[in-house]
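Heads up: the structure comes next, in C-alpha cells.
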Amino acid sequence: MSDDMVLHFSSNSSNQSDHSLPDKIAKLEARLTGKTPSSAKPPQQQQQQQQQVSLWSSASAAVKVVTSTPPGLSETSISDSDDENTGDFLIRANTKKRQKVQESNNFSVVDHVEPQEAAYDGRKNDAESKTGLDVSKKKQGRGRASSTGRGRGSKTNNDVTKSQFVVAPVSAASQLDASDQKDFRPDGQLRNGECSLQDEDLKSLRAKIAMLEEELRKSRQDSSEYHHLVRNLENEVKDLKDQEQQGKQKTTKVISDLLISVSKTERQEARTKVRNESLRLGSVGVLRTGTIIAETWEDGQMLKDLNAQLRQLLETKEAIERQRKLLKKRQNGDKNDGTDTESGAQEEDIIPDEVYKSRLTSIKREEEAVLRERERYTLEKGLLMREMKRIRDEDGSRFNHFPVLNSRYALLNLLGKGGFSEVYKAYDLVDHRYVACKLHGLNAQWSEEKKQSYIRHANRECEIHKSLVHHHIVRLWDKFHIDMHTFCTVLEYCSGKDLDAVLKATSNLPEKEARIIIVQIVQGLVYLNKKSQKIIHYDLKPGNVLFDEFGVAKVTDFGLSKIVEDNVGSQGMELTSQGAGTYWYLPPECFELNKTPMISSKVDVWSVGVLFYQMLFGKRPFGHDQSQERILREDTIIKAKKVEFPVTRPAISNEAKDLIRRCLTYNQEDRPDVLTMAQDPYLAYSKK
C-alpha cells in the first residue's frame, strides 16, 4: 500500500528540489505500517521509491491524507489490511476529488515538514477530528443499497468500508491544507509577495495621486480663471446697473421736467383764458356792506351787449306795435265817416300792415337768437366760474409746486377740490401713465375723535374701491401716506369731462345720447350688486360720472358707499349717515326724521331716475332752483310724490318717461331695485 501511495504522490508532485524528502517519506511509511523507520524493504521497492522521490513537488497534502486515521480504526489494523490486500487491490488517486481541489484552490506543495513532533501530532489530531466529521457526513449522504469499487474487480463489504475510510481522509486533509496553507508558506516568500504587492499598490497610488494633483491644479487654475471672469462680469453688471439706474434717473428727470414745463404752460394758458373770458363774461368782485364783505358777480361785456340788443329789439317792437295801432285806428275812422274808399287807398292801408307784421316776425327771430346767446352765456359763465374756482384752489394748495410723491407720482395740475380732498392730475413715472391723485387732508383744528372718524371713513372707502374691477367703474391703483395729516389715493385718470361739465355746456342731451350714458351707469351698478357683499353707491350725481378719452362713462367717488351685509333682509340696512349726500339725487326715505331710515340699492335707482331726467330736460325733477338748505327746510323731496314732464322739442319717447316714473316711485316698496331695473327693455340693446 505504501508503494502504491508513493506512486500516487509522485504523480501529483512537481517539486524536485527537496533532498531531505526520502527521510521524511520513510518516517511516514513507518507510521503507516506501525514499524520503525529502520525496517527494511525490498530493494526493488526502495529503488522505485527513490526514483519517485525525485519527481515530487509537494508532500504536504499526502502527509495530511496519510496521517489521517478514521475513527474506530487503529493504525495497526489499517496497516494489516493493506498488507493483506496489497496483492489484490491497487490504491489509486481520487481523480474527481483532485480535480475539485485543483479547480478551486490550486494548492502549492509545501517545501518542508515541521520536524518537531509536538506540532506534527497537533496537526494530526486536528486532521483526525475533521476527518471523523467528514466521514460521518459521507456515511449519511452517500449510503446506497449497493456500490461498486473504485479498484479493479469486485470488492467485499469490508473492502468498500476500507476504501471509504481511505478516500475520506484525503478530502479532509485537502480541506485542512487549504485552511492552513499560509501556515506552511515560508516567511520570506510571504514577505516578498506582500512587499511586491505593496510596491505595486504604492506605485499605482502614487500615479493616481499625481494624476489627481494634476487635475486639482488644472481645476484650481480653471476656478481661478472662472472667479476672475465672474468678478469681471459682476463688475460689468454692476456698472450696467449703475448706468441703467442713472439712465432711469435721467429719463425720469427729463420726463418730469417736460411734464412740469407743459403743466406750467397749461397753467399760464388757463389763467390767460380766464382773464380774457372775464372781460367778456364777467368776473368775481367784492361787495362791502358795512362790516360785511361778500363776493358778487360782475357781468362782462357779452351780457351787456346782449341786453342792449334785447332792449333795442324791444323798443323796435314797441314802435312797430304803435304804428300798427295807428294804422288800424285810421282805418276804423274812415269806416265810421262812411266815406267810400277807392281800391288804391285800401291797398295803401293793407301794405303797411303786412310790413309791420313781417318786421315783428323778424324781431321775434332776432329776440330768440339773443335769448339763445344769453343761455349760452349762462353756460359759459358757469364754466368760467368753475375754472376760476379751480385756479383759486390751485393757487392756495400746498401741493401746487409740482412735487413727486412717493418717488413715483409727479403732480401736475389741480383737477378739482372737494370738502376735505384735492384731486390732482399726475403722471406715474414707473408705469408711465397719467393718473389722478386724490389727496386727503385732515384739518389741524379738528378734534382727535373727528380725525379718527375721517381716517376710518377714508380707509373704508379705499377698501371698497380697491376691490372693484369693472370697465364702468374708475379703478383705484394705489394708496400711501404723505405725512401725519395727509394721505393719497391713486385713481384711474379719465381725460374726458364729467357729466356735470357736459350738462353745464349743453342744457340737455338728445335722448339717444342720454340713454347710452344711463345704460353704462346701470351696468356699473349691476356689478356692485352682484358681488358677494353688495355695495350701495349712495352719492350718484353728475359730478361722479366721468368720461375717458373714448367717451366711456365710469362711476367714481365711493366716499359715502354702504356695504350691505349678508344678514340684511329685504327691508335693507339702517342709514347711519343721515344728512350726507347730495339732496337733489336722494330718495324720500333718506329724509325721514321720525325713525331710522332703512335703505337698499333702491337709493341708487332713484338717483338714476333723477340723472336721466336732468339729461333729457335740462333740469332736476325736484328742487332744481333750490339750495340744499331750502330743500331740507321745505321738505321738497318728501313732498315729491309725482313727477311732471315738460314739453320739449323734440319730444321724449314714452318708454323713457316710463323708466323715469318707475325709478322715481315714491314708495320704496314699490320701486324696483338695481337688478330689476336692469331688466327693463328700454335699457337693453339688440342687434337689428
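The backbone N, Cα and C atoms fix where each Cβ goes, and this holds for glycine too.
The model shown is predicted, which means the values in this text are computed figures rather than measured ones.
As recorded in Swiss-Prot, the features of this protein are as follows:
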REGION    1-196  region 'Disordered'
COMPBIAS  10-19  compositional bias 'Low complexity'
COMPBIAS  20-32  compositional bias 'Basic and acidic residues'
COMPBIAS  35-70  compositional bias 'Low complexity'
MOTIF     97-100  motif 'Nuclear localization signal'
COMPBIAS  111-137  compositional bias 'Basic and acidic residues'
MOTIF     123-139  motif 'Nuclear localization signal'
COMPBIAS  155-164  compositional bias 'Polar residues'
COMPBIAS  179-188  compositional bias 'Basic and acidic residues'
COILED    194-253  coiled coil
COILED    298-332  coiled coil
REGION    326-348  region 'Disordered'
MOTIF     389-392  motif 'Nuclear localization signal'
DOMAIN    409-683  domain 'Protein kinase'
BINDING   Leu415, Gly416, Lys417, Gly418, Gly419, Phe420, Ser421, Glu422, Val423, Lys438  ATP binding site
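On its own chain, Lys417 (ATP binding site) has Arg390, Asp393, Ser397, Val423 as residues at least 6 apart in sequence with a Cβ closer than 8 Å to its own Cβ. In terms of DSSP helix, strand and coil, the motif 'Nuclear localization signal' (389-392) has 4 helix, 0 strand, 0 coil. Note: Leu415 (ATP binding site) has non-local neighbours Arg390, Val423, Tyr424, Lys425, Ala436, i.e. same-chain residues 6+ apart with C-beta under 8 A of its own C-beta. Same-chain neighbours of the ATP site beyond Leu415, Gly416, Lys417, Gly418, Gly419, Phe420, Ser421, Glu422, Val423, Lys438, judged by a C-beta within 8 angstroms of the site's C-beta center, are, in sequence order, Leu439. Packing against the motif 'Nuclear localization signal' (389-392) from elsewhere in the chain are residues 270-271, 274, 414-417: each is 6 or more residues past its ends and has a CB under 8 Å from a CB in it. Other Cβ atoms within 10 Å of the Cβ of Val423 (ATP binding site), summed over all protein chains shown, number 19.
Here ATP is bound by Leu415, Gly416, Lys417, Gly418, Gly419, Phe420, Ser421, Glu422, Val423, Lys438 per the record. The longest Cα to Cα distance in that group is 14 Å.
The Cβ of Ser421 (ATP binding site) lies under 8 Å from the Cβ of Lys438, Leu439, His440, Gly441, each of which sits 6+ residues away along the same chain. Mean model confidence of the coiled coil (194-253) amounts to 90 (pLDDT, 0 to 100 scale).
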